[in-house]
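**Q** Got a structure for you, written out below as C-alpha cells; questions coming shortly.
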Amino acid sequence: MSASAVNVNPGRNVVVVGTQWGDEGKGKIVDWLTDHAQGVVRFQGGHNAGHTLIIGGKKTILRLIPSGIMHPGVACYIGNGVVLSPEALFKEIGELEAAGVDVQNRLFISEATTLILPYHIAIDQGREARRGAGKIGTTGRGIGPAYEDKVARRGLRVQDLFEPETFAERLRENLDYHNFVLTQYLGVAAVDFQQTLDTMLSYADRLKPMVTDVSRRLYDANAAGSNLLFEGAQGTLLDIDHGTYPYVTSSNCVAGAATAGAGVGPQKLNYILGITKAYCTRVGSGPFPSELYDADNAARQEAIGLELATVGKEFGSVTGRPRRTGWLDVAALRRSIQINGVSGLCMTKLDVLDGLDEVKLCVGYTVDGNHVDLLPRGSSEVARCEPVYETFAGWKESTVGIKEWDKLPANARAYLSRVQEVAGIPIDMVSTGPDRDETILLRHPFKV
C-alpha cells in the first residue's frame, strides 16, 4: 500500500519515541510521517540529539529544529521541555537557510523554554574531565546543567531575554554561584558576566519573532483539524527516570513527556510509535546486555558486532563517536513498550542484517541464576544480565528499498514476525534504507 493512498484522519496526534538508547532512526520516520502532518513538535532534550535525514540522496542533520522543517508549509515547534542554545539554534538556521529552506517564518519557540548559557557548557565539560574513567558520556553541550538550573528554579528562560535588567540581575546571581563551582571545585576558569550578558542579549531581537505561546498554538492547531507529530529525542533507555541510571540523559525521553514538554493534554496523544533498530546500539558508558562490539573495550570485539557498526555506519551524528553494537534486545524493548504505551513499532535498518549467516534475538536474561524476561531497572543489575538468545537463519537477498512486506526474504519476515510475537505488539512500519521512500507501511499511525 502506498503512503499516498492512505486516507488520514484530521486533527490527530502521533508521538514518535525511541525504544532503545537513541540513534534508532527517528529522524527519517518523522520526515516520512510529516507528509501527513501540519506541525512537528520537539518536546525535550537539546542540541545533544542529532536527527539524520536522507532526502533525494542529500544528507541533513538536525539537532534542535524539528525534522518537519524540510517540508514546505509545515509548522515546527520547540516546546518548553527543550533546553535551548541560541548559538546552536542560529547556526542551524543559517545552515538550513543557506540550503534554501525557509525556517524563521515556520519555527515557533515556547517563551518558557530554558536557555543554555556558557557556564552550563563549562560545568558540563569540567565535570566529565574530573570524572575520568568514570565519566557518564555526556556530549559536553551544557544540557544537564541547564536542566539542573531549571529544576532548581534558577534557570533563565527565553522570555527573560526581553526584560534586560531582570535578565542581567538574575544572570549575575547565577554566575556568582556557578563561578564558585567552576573555579573552586572543578579548577577551571570563571565565565565572564559582561561578555555573557552581551552575547545573550544580542540574540533577543532575532529570537523575538519566533517566540510564542506554543501550548496555545498546538491547542488551536488541533482544534482547526491539524495533525501534529511529536518528535522525541534520544531513547527510552536513556530517560532520566526510566533509563539505565545514572548512564542516562537529563530529560524524560518517553511519550508521556510530550504532554509536559509541549503543553498538551494526555488525551490528545492518539498513537505512540516506538522506533527500534533491527539490532541495538549505544554511545558512551553504561550497561548493554546484548553487546557484541565496543571499540574501547578489548573484551567486546566480536567480528559480527564490528560488521554491524561498519555496515550500519554507526557513528554519532552530533559527536562522531563510534557506537557500541549488539543484537536486538526484546526484553529491553518490552520495558520500553510498557513505559511508553506503544501502539505499534517501526523497525529500522533491517537492511544492515542482509547477508548474515544467522541473526540472534535476545528474548530474556539470566541474572544471578534466575531467568528474567524484562530489562531490570537498576544499572548494577542490568550489568549482571547474561543474554538468552534465539537464533534465526539469515538471508542473503538484499532488502534495500523494498516497499512491500510480501517481497521481503522469507527469513527476514520470520525474524520480524518473531519480534512482534515476543514483544507483544505489531510492527506497523519497516525501514529498508536511509531514504524516506525506502519504507514498508503496514498500518498508518495517523489512521489507526
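Note that Cβ sites are derived from N, Cα and C of the backbone, with glycine treated the same way.
The active site, proton acceptor annotation in Swiss-Prot covers Asp23 and is backed by sequence analysis. Here Swiss-Prot flags His51 as active site, proton donor. According to Swiss-Prot, the feature GTP binding site maps to 22-28, 50-52, Arg323, 349-351, 431-433. As annotated by Swiss-Prot, IMP binding site applies to Asp23, Glu24, Gly25, Lys26, Asn48, Ala49, Gly50, His51, Thr139, Arg153, Gln234, Thr249, Arg321. Per Swiss-Prot, Mg(2+) binding site is recorded for Asp23, Gly50. Annotation comment: Swiss-Prot describes Ser317, Val318, Thr319, Gly320, Arg321, Pro322, Arg323 as substrate binding site, evidence class sequence analysis.
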**Q** Counting all other Cβ atoms within 10 Å across every protein chain shown, which of the binding-site residues Gly22, Gly25, Gly50, Gly320, Pro322 scores highest?
**A** Gly22
**Q** Express the distance between the Cα positions of Leu350 (GTP binding site) and Asn48 (IMP binding site) as a whole number of Å.
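**A** Spelling it out, the Cα of Leu350 (GTP binding site) and the Cα of Asn48 (IMP binding site) are 26 Å apart.
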**Q** Fewest neighbouring Cβ atoms within 10 Å: which of the binding-site residues Lys28, Arg321, Arg323?
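**A** Arg321, out of the binding-site residues Lys28, Arg321, Arg323, has the fewest neighbouring Cβ atoms within 10 Å.
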**Q** Spatially, which candidate from the binding-site residues Gly22, Pro322, Thr432 is nearest to Gln234 (IMP binding site), comparing Cα atoms?
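**A** Closest by Cα distance to Gln234 (IMP binding site) among the binding-site residues Gly22, Pro322, Thr432: Gly22.
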**Q** Quick one: pull the CA-CA distance for Gly22 (GTP binding site) versus Gly50 (IMP binding site), whole Å only.
**A** 10
**Q** If you compare CA-to-CA distances from Arg321 (IMP binding site) to each of the recorded positions Asp23, Gly25, Lys28, Thr432, which comes out shortest?
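**A** Closest by Cα: Asp23.
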**Q** I'd like the number of other C-beta atoms within 10 A of the C-beta of Leu350 (GTP binding site), please.
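**A** If we count other Cβ atoms within 10 Å of Leu350 (GTP binding site), we arrive at 25.
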**Q** If you count other C-beta atoms within 10 angstroms, which of the binding-site residues Asn48, Thr432 is the most crowded?
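**A** By the 10 Å Cβ neighbour count, Asn48 comes out on top.
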